[in-house]
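Quick notes on the structure that follows.
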Amino acid sequence: MAYVRDYLIPAARAHGYTFTTLPASSSAFANGNVHVTPSWADEATLVVTKTLYVWPTFVMHDLFLFTVALTAAIGLLNIGLAFLRSREERRWRAQEVAPTRTIPVTVLLAAYNEEKLIERTIRTVLASSYPISEVVVVDDGSTDATSAVVTRLMAQDARIRLLRQPNAGKSAALNHGLTTTQGEVVITIDADTIVGAQTVSHLMRRYERDAEGRIGVVAGAVRVGNYRSNVLTRWQALEYVTQIGIDRAAQAVLNAIAIVPGACTAWRREAILEAGGFKDDNLAEDADLALTLHRLGWRVDQAGEAYAFTEAPDTMDDLLKQRVRWTYGIMQAMWKHRSLLFSRRHPGLGFFVYPMYILNQLIPLVFLPIIVVVTVLSLENGGWPKIVEFFAAFVVYQFLVSFLAISFLGEDRGLLRIVPIYRVIYEPLRAYLLYATVVSALKGIQMRWNRVHRTGSVDPHLGAAAQRHGTVAPVGLTPEAERPGAPAPGGPR
């Protein structure tokens with residue numbers, strides 16, 4: 001009615017049309033002597049109009065409000081669970097006792113054309129406060145000087161080993177390295193990732209407290225190390241905290257972590273071997289393996305203070321390549337393990353994580369196009385005040401959630417400056433990724449691992465979390481002859 005009154009009638013009058021009422025045009029109508037009986041065509045038109053427009057409008061309106069309320073409730077629930085997790089971790093630290101033994105640890109890196117970054121990564125790994133038994137680098141058919149860089153480092157520290165293979169993909173490289181490792185725990189780290197001095201220690205504390213030996217994997221806490229590069233990297237930094245970080249902390253309370261980060265994760269070697277290693281039929285091999293471990297009865301845990309800093313894509317092209325691969329791979333993993341949905345054996349996964357994942361896919365697919373159309377029509381019809389009110393309420397909610405997340409996780413509060421545009425980027429991006437993934441799946445397109453451009457712009461001293469938890473700059477390696485217990489130069493090796 002507002003559209004007719006405020007727009008249609010004034011526009012028609014401007015073109016010379018006139019309007020009047022029925023009582024003013026007819027004395028019969030004015031005296032109330034006319035009884036109008038609608039024809040069958042009128043009745044049919046009314047039914048069709050209600051069926052095709054009125055009822056769907058009410059249903060979509062109510063469903064939209066329900067979805068907004070449900071999304072907000074889930075966000076606050078995750079915040080609450082993450083708060084419980086942070087209290088639990090503080091209690092663990094307060095009750096911590098010295099470990100009775102040092103668990104042998106192997107760090108495994110799959111590298112492809114990483115000559116610019118591989119040395120820095122290896123140096124930060126070997127600077128860990130926790131003893132590292134060996135660092136195994138698998139060169140997956142690099143065409144640059146990756147192997148030459150690693151070979152040079154091997155001469156400086158005997159803990160480093162290099163394996164080479166023709167290019168076969170990340171999963172094949174990790175499996176190749178896994179067959180040669182000696183550590184009881186194998187930590188996989190991306191070749192472009194910086195770890196902190198305490199990162200490995202935090203990961204290993206979970207295994208040291210595991211008296212029953214049922215923890216199969218411990219996820220690290222990955223953060224964006226180049227978030228000062230531009231708006232896009234700052235947006236990702238906020239996402240890593242408020243979406244990925246909080247969701248994983250909440251899932252940890254329910255023993256329902258579905259996705260572990262390939263950039264920094266500690267695996268029990270026995271568990272990986274029981275699961276059959278990393279599969280090459282899935283672009284999200286980390287999620288696939290984590291869900292497999294759940295089904296085999298292993299526990300999937302997280303070390304919230306085991307920080308690793310990765311280089312996030314700083315161009316939209318690279319970001320889209322990365323996220324399409326992520327979305328496609330996670331869909332593959334979730335579909336492959338769909339029997340976990342409503343599983344009584346895994347209630348956290350079956351009744352919380354899986355339904356939330358499905359909901360997160362449906363919301364942008366179904367509602368974002370409707371929101372765009374309604375917004376455009378509202379703006380054309382002068383409804384911008386309502387749009388502004390809705391957007392302001394959404395920003396306030398997002399700011400609250402982000403503030404709580406950053407406070408619980410001890411992150412840089414400067415990230416809050418990106419909140420006003422966070423959802424403006426996030427929701428359209430999610431919708432695009434889902435549409436692109438669904439189209440690719442329907443077309444039967446075989447998606448490949450798309451390597452994004454690396455600049456080496458990770459700053460190892462970024463953020464409150466980095467300063468609190470001992471992220472270090474690259475340091476010198478330890479020559480074998482200088483390490484305690486090493487043989488004398490020229491002696492047997």
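Cβ atoms here come from the backbone N, Cα and C positions, even for glycine.
As recorded in TrEMBL:
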TRANSMEM  63-84  transmembrane segment
DOMAIN    106-272  domain 'Glycosyltransferase 2-like'
TRANSMEM  351-378  transmembrane segment
TRANSMEM  390-409  transmembrane segment
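Listed by sequence, the residues of this chain that lie at least six past the ends of the transmembrane segment (63-84) yet keep a Cβ under 8 A from its Cβ atoms are 245-247, 249-251, 253-254, 356, 359, 363, 367, 370-371, 397, 401, 404-405, 408-409. Long-range contacts of the transmembrane segment (390-409) within the same chain: residues 72, 75-76, 79, 82-83, 86, 221, 238, 241-242, 245-246, 249, 304, 415-416, 419-420, 422-423, 465, each at least 6 residues beyond the stretch ends and with a Cβ under 8 Å from a Cβ of the stretch. Looking only at the domain 'Glycosyltransferase 2-like' (106-272), the predicted model's pLDDT averages out at 94.
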